[in-house]
Amino acid sequence: MPAKRQHIRDHSAEANLFARRATIAFLIVVAMLGVVLSNLYVLQVKQHEDYQTRSNGNRIKVIPVAPNRGLIYDRNGVLLAENRPVFSLEVVPEKIADLDATLDALTKLMSITQEEKDSFFATLRGQRRFKPVALRTQLSEEEVALFSAQQHRFPGVSIEARLARHYPFKSTLTHVLGYVSRINKKDLQKLVEAGSEANYAATHDIGKLGIEKYHEDLLHGTVGYQQVEVNNQGRVIRVLDTEPPVPGKDLVLNIDIELQLAASKALDGERGTVVITSPKTGGVLAMYSSPSYDPNLFVHGISRKNYSALLNSPDRPLINRATQGQYSPASTIKPHLALLGLEQDVIDQHTTINDTGRYRLPNVSHVWRDWKRWGHGEVDVARAIEVSCDTFYYDLAYQLGIDKISEAMFEFGFGEFTGIDLYEESDANMPSRGWKRARFNQPWYIGDTIPVGIGQSFWTATPIQLAHSINTLVNRGERYVPQILRGYRYEDGQVELEPLKSLRPIQISEPANWDIVLNAMHDVVHGEDGTARHAFKDTTYESAGKTGTAQLFSVGQNEKYDEEEVDERLRDNALYVGYAPFDDPEVSVTVVIENAGGGSANAAPVARDMMDFYFRHHTFDPTPLASAVANQGSQ
Amino acid sequence: MKRTTLKPNQISLLQRIHIDGWLLLGLLALMAVGLITLYSASGQDPGQMERQFTRLAVAAVVMLVMAQVPPMAYRRLSVYAYGLGLLMLIAVLVVGVVGKGAQRWLDLGFIRFQPSELMKLAVPMMVAWYISKFTLPPKHMQVGIGFAMVVVPTILIARQPDLGTSLLIASSGIFAIFLAGMSWKLIGFVAVALGAFAPIMWFFLMQEYQKQRVTTFLNPESDPLGAGYHIIQSKIAIGSGGVDGKGWLQGTQSQLEFLPERHTDFIFSVFSEEFGLIGVLGLLAIYLFIILRGLIIASRAQDAYSKLLAGSITLTFFVYVFVNMGMVSGLLPVVGVPLPLVSYGGTSMVTLMAGFGMLMAISTQKRFMSR
């Protein structure tokens, strides 16, 4: 349309049109900015608190801080379990410009092995950013010093310290103290069930055995918290608030480490156990189970090889023989049975039998033999203890019957947990009619009762049960639960004693019967024919005790037990229970040595060693014990 | 003493170097806010501050130079600029350099150049040139051709892919046509057509990552650690700023690096977190002032070409602001548009300032002629 083209443009109309459009555009701009603004108003005013919370949730993290585990001391203040700093060389790859060069330099400096590097890279994969990865754990002091001097060359590499348990006495106390080790899935599950997983949020190790496990709650303490500000990488920028952890309680044990060391020395090379307790308190002064092993191996993760060696050793070092070993108590329970006989009026102080070395029941062809083939002749109850006459007790058991025996022996703690503060305890077995029915679905035969009289047949006991029963005897019926824990130690060195745990005492109608039995035990050591008289010859103190020899191997009716011919593992177990001083017993000693032979020749000398050591050193002051008893009594 | 010449006051000095005082005031205020925010957003990095300052200086020089060119010269250059830009866009798709997953750069040997930046100015120039050849308002035919001039580069840039820039370029052309007086009927029709175009765009033109951005935009909480992370952290930053903000350098979202892209596309979140709604109001006032001044310059321009170009540049500037603020506050999908003159980054800043240079040329270089 050429005509239109030649029209003179109406500039003012165009300007008005543009102005109108520009105004509309401006209004739209204002409207749209209004939308933006109202949205910002919603975010910054209406939803401000919500976003404020989320912003804080981003930046504020609560980091749990592990409490220091309580230390463990012996009764004289010797440190038995301590926390040692362990150092590890840790690398934060994100902070390092050239990881390969750094690793090469570290390899030169610290002679890092290829194995360590491989494990480092394996850990690195799938690791959160900025989280340190250990290149080497358990650095020696030399290595720490070596690296520290060169630290400036290695940004992003540092030495991290953590406290880890250490047991300076190594294998000496393993079965008492136990050990801690890394918290595993099973432990975690238990913690969750107990609702205490939060308390372990920062904790590395947990008690797995012994005192460490039993008193875990006391030793662990309470977790602390640090409120920190972190950046988007989770790196801590600053600490906002701190709630310090409460360290675990420092425990003091009844254990006397000197005595414990002596016990471990005495049992060196043997399979057996020594339990030394204080009858007045139930306190365990020493408890050694041989063979033992080094608990420190477990703290940093035992190697598969070492573990399977322990697990498969025929000597079974993992077992705590003192509390888990189930042995025939043999003649060591004769005093208890004697007391029962006297109490039940089945016998009296003057009742005698004529021991010919053989015992038969009426109308039964089976012959039970005395350990002395030709017998002891005329014996009364006291002499039957002194010379350990079997026949007397065959007859006594026969006359008492199994029901009375089981009932009374339960009271002495046989067949029951003593309640010692260890989870590794067996209740062993005190046989009864009900037990045999349940176990074998068989009736109790009269013939089963006879060997019970000499602590054989189905009767088994743990050494701690034996110790407990002897303590009950010497206390004339007062009973205290064997306790390893003595009390708590505070920062100023003061010790608060844990109250004693007493049980319902055994009461008898004729207290003089205690003396008959205890005097007989005195004669075992000091009598002319006492079975322990050789072992305790010329002691500076007066003591009492009872030997025991437990048969593991049934000798045929007309055969003779010949030690030389029997396989070593089937040889007799040697036992001894004793206490001293006779007048005012401070200490009771229980010794069981497996496959050693007779108790008088093999167990009694060890018990004597222990008593000698105890009285020679007198390493602890018995006064607090007495006052603790007094306290207990007034409660 | 004798004085033959009058001492020139400030305004006349600005006039002489073809600078619009009000616009300059607005731009300087914006740059100041930008540098203050960047100092915080960059984590007090003097290196970044230095580079940004250099860029601003270069951009200011570009603006000054562009302001010296008579508007009529721009008009004459329009077709060549557009033609050159189009050729380079095609070249980018064929031999372009890939960076950050997109093919946007043309390596000229001595310089790496983003042709889409040229098109940000060339498209409104071309449309303004074409529409202003005829009397306003434009006929349907002219509108159609104008749209064609917009659509071709828009699609080429969207293919790179660069959704943000193609959006800016499309709007710059459309603004020119709108300001020219395109009939409301036609506007209604185009709006409907665009609505119909949306599914086509979704299925044929948009890349997977762009689709994902839209999905994330619609429901950011669906993937809080993945694609939704940016927008969620940004909203937390803005929302936690509240009315008066956490204070300069005190924004935890930005200082502790929870906020991604905090010195570039998401710098507005840093600003909102640290200066709050009050600060935001101030910043919006500066932007509104610049836009108002730009539209006044456009309205006062002498010829249709200048009016359309000035208006288009101004409104496109607004699109930057709106899209950026919209996307960081969760109103719009994240499309990678910087907050003009505040975000850290070079190319778009130079282009923006070149546009303001043109505005200043239009504002200050008027021929006193009769109609």
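Just so you know, glycine gets a Cβ as well, placed from its N, Cα and C.
Positions annotated as transmembrane segment by TrEMBL: A:21-43. Tertiary neighbourhood of the transmembrane segment (A:21-43): same-chain residues 51, selected by CB-CB distance under 8 Å and a gap of 6+ residues from either end.
For A:65-240, the entry in TrEMBL reads domain 'Penicillin-binding protein dimerisation'.
According to TrEMBL, the feature domain 'Penicillin-binding protein transpeptidase' maps to A:272-612.
According to TrEMBL, the active site, acyl-ester intermediate annotation covers A:Ser331. For A:Ser331 (active site, acyl-ester intermediate), the same-chain residues lying six or more positions away in sequence with a CB closer than 8 A to its CB are A:Ser388, A:Asp390, A:Ile454, A:Gly455, A:Lys546, A:Thr547, A:Gly548, A:Thr549, A:Leu575, A:Gly599.
As annotated by TrEMBL, Zn(2+) binding site applies to A:Asp355, A:Asp370, A:His376, A:Cys389. Take the CB of A:Cys389 (Zn(2+) binding site) and look out to 10 A: across all protein chains shown you find 27 other CB atoms. Reduced to three states, the DSSP call for A:Cys389 (Zn(2+) binding site) is coil.
The subset of recorded positions A:Ser331, A:Asp355, A:Asp370, A:His376, A:Cys389 lying near chain B, with Cβ atoms under 8 Å apart, is empty.
In sequence order, A:Asp355, A:Gly357, A:Arg358, A:Tyr359, A:His376, A:Cys389, A:Asp390, A:Thr391 constitute the residues six or more apart from A:Asp370 (Zn(2+) binding site) in its chain with CB-CB distances below 8 Å.
Apart from the site residues A:Asp355, A:Asp370, A:His376, A:Cys389, the chain places the Cβ of A:Gly357, A:Lys372, A:Gly375, A:Gly377, A:Val379, A:Ala384, A:Val387, A:Asp390, A:Thr391, A:Phe392 no farther than 8 Å from the centroid of the site's Cβ atoms, the recorded Zn(2+) location. When secondary structure is read from DSSP and collapsed to three states, A:His376 (Zn(2+) binding site) falls in the coil class. In the three-state DSSP classification, A:Asp370 (Zn(2+) binding site) falls within coil. Counting every protein chain shown, 23 other Cβ atoms lie within 10 Å of the Cβ of A:His376 (Zn(2+) binding site).
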